[in-house]
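Annotated in Swiss-Prot:
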- 1-115: topological domain 'Cytoplasmic' (TOPO_DOM)
- 137-141: topological domain 'Vacuolar' (TOPO_DOM)
- 163-183: topological domain 'Cytoplasmic' (TOPO_DOM)
- 205-220: topological domain 'Vacuolar' (TOPO_DOM)
- 242-267: topological domain 'Cytoplasmic' (TOPO_DOM)
- 289-297: topological domain 'Vacuolar' (TOPO_DOM)
- 319-457: topological domain 'Cytoplasmic' (TOPO_DOM)
- 116-136: transmembrane segment (TRANSMEM)
- 142-162: transmembrane segment (TRANSMEM)
- 184-204: transmembrane segment (TRANSMEM)
- 221-241: transmembrane segment (TRANSMEM)
- 268-288: transmembrane segment (TRANSMEM)
- 298-318: transmembrane segment (TRANSMEM)
Amino acid sequence: MQSSHRILSRLLHSPRKGYIRASVGGSVHFLALFDEKDNGFVDTTHRSFSSLIRSSSHVRGLISTNCLNKGLGVRCSVSLDRETPLIDTYSSHRNFFTRAKQVKRIEINDQHSQRAVTTALWCNFLVFSLKFGVWWTSSSHVIMAEVVHSVADFANQALLAYGLSSSRRAPDALHPYGYSKERFVWSLISAVGIFCLGSGATIVNGVQNLWTSSPPPNMELAAVVIGGSFLIEGASLLVAIQSVKKGAAQEGMTIRDYIWRGHDPTSVAVMTEDGAAVAGLAIAAASLVAVRMTGNPIYDPIGSIVVGNLLGMVAIFLIQRNRHALIGRAMDDQDMSKVLKFLRNDSVVDSLYDCKSEVIGPGSFRFKAEIDFNGQMVVQNYLKRTGREEWAKMFREAAKNGDDSAMLNIMSNYGEEVVTALGSEVDRLEKEIQELVPGIQHVDIEAHNPTPTDPSL
């Protein structure tokens, strides 16, 4: 006697690859990887699903397997002999799934951030060249501070550009949620660079030259280059501000909220760094004017110290912002409330427990919840879809004939279908949550068996 066990692979979020992990008889788990080919999905774990099962020791009674492409996923039918059930677990899949995968790219709507970084990169290189030339001829301490500032800015923009590129890598086995947080890492490194190289070195340079005995030479040339740098940095700042506005519009935030709580740190980092650059140039100009008017050279290193403190404040702000993103920040309260309200109002949900969310990348979230399902509503929804009369007829016939074996078989089949119906309800909830908040890329819903001490949300 044979029984057919169906396994559904959810490939909705991975149109080219998928894997299944299922249990048969509650005692065995097996896992397979599928690649999408022209003629459907093909098992690539061990050439065929049959060889995968047979590779496990103590596995007996395998009759046949069949895997077909069913549009949104893969349907696999495994026929087994009831008398020789699967009794072992296939565990060697771990080595297979932890191999390094070929790096792919994913599309992220961050053109505004990329444009801001690229513009700032070239502008900082041009400004650095101008400032370095002026410092070489004038030996101004405040201009030296601006040279160091430009070096730090250029290096930091390069780090941000690398972070943008690396964050677009597609998810793989080692990082199933993707690499979107890479931009947080490199933004944090960039901020540390501003603090150490930009702020620290600039302040030290100013303190060391507080007792300079003579004003810096060639101040006129320095003033001209400061003006030119101001125009270049100002243009880059305008591009960064436009980038921040677009990012805020995409996330439905005000510009102020986006600067403090937005999910993409890149454009904010560019804007704050360019803003500090423009302010630093204004401070440098004021310092040179003060030296020229008073003849006192102390205003030159004082300007350097002020610029260094400005960079330090910018760096601390960026460090804190990226730190919160890296340690696992929840998604916005508005989106979270929207999801919880939807779940509480759904007919199959009795109670919610341990609901959590996390930002896994710019505009991308993960949501998790434990749900106490309303079993009666799950069954009613299932019977509405399949027809209750068919099941009632089978139960009546088994009861009329007094066939306990047939009754047990019907009850087993009915129980299996109810479990499948619960899975369908979970799939429906996950899909509707993602439609409600499109930024939620991953939804994990678990069935919860409540106890009197459980704190319901």
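Each Cβ is built from the backbone N, Cα and C atoms, and glycine gets one as well.
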Composition by DSSP (helix, strand, coil) of residues within the topological domain 'Cytoplasmic' (242-267): 19 helix, 0 strand, 7 coil
Same-chain residues near the transmembrane segment (298-318), Cβ under 8 Å, at least 6 residues beyond its ends: 140-142, 144-146, 149, 152, 187-188, 190-192, 194-195, 198-212, 215-216, 265, 268-269, 272-273, 275-276, 279-280, 283-284, 286-288, 290-291
The transmembrane segment (184-204) touching the transmembrane segment (221-241) per 3+ Cβ pairs under 8 Å rule: no
Secondary structure tally of the topological domain 'Cytoplasmic' (163-183) (DSSP, helix then strand then coil): 6 helix, 1 strand, 14 coil
Summary of DSSP states over the topological domain 'Cytoplasmic' (319-457), given as helix, strand and coil counts: 79 helix, 31 strand, 29 coil
Secondary structure tally of the topological domain 'Vacuolar' (289-297) (DSSP, helix then strand then coil): 6 helix, 0 strand, 3 coil
The topological domain 'Vacuolar' (137-141), counted residue by residue under DSSP: helix, strand, coil: 3 helix, 0 strand, 2 coil
Overall pLDDT for the topological domain 'Cytoplasmic' (319-457), taken as the rounded mean: 84
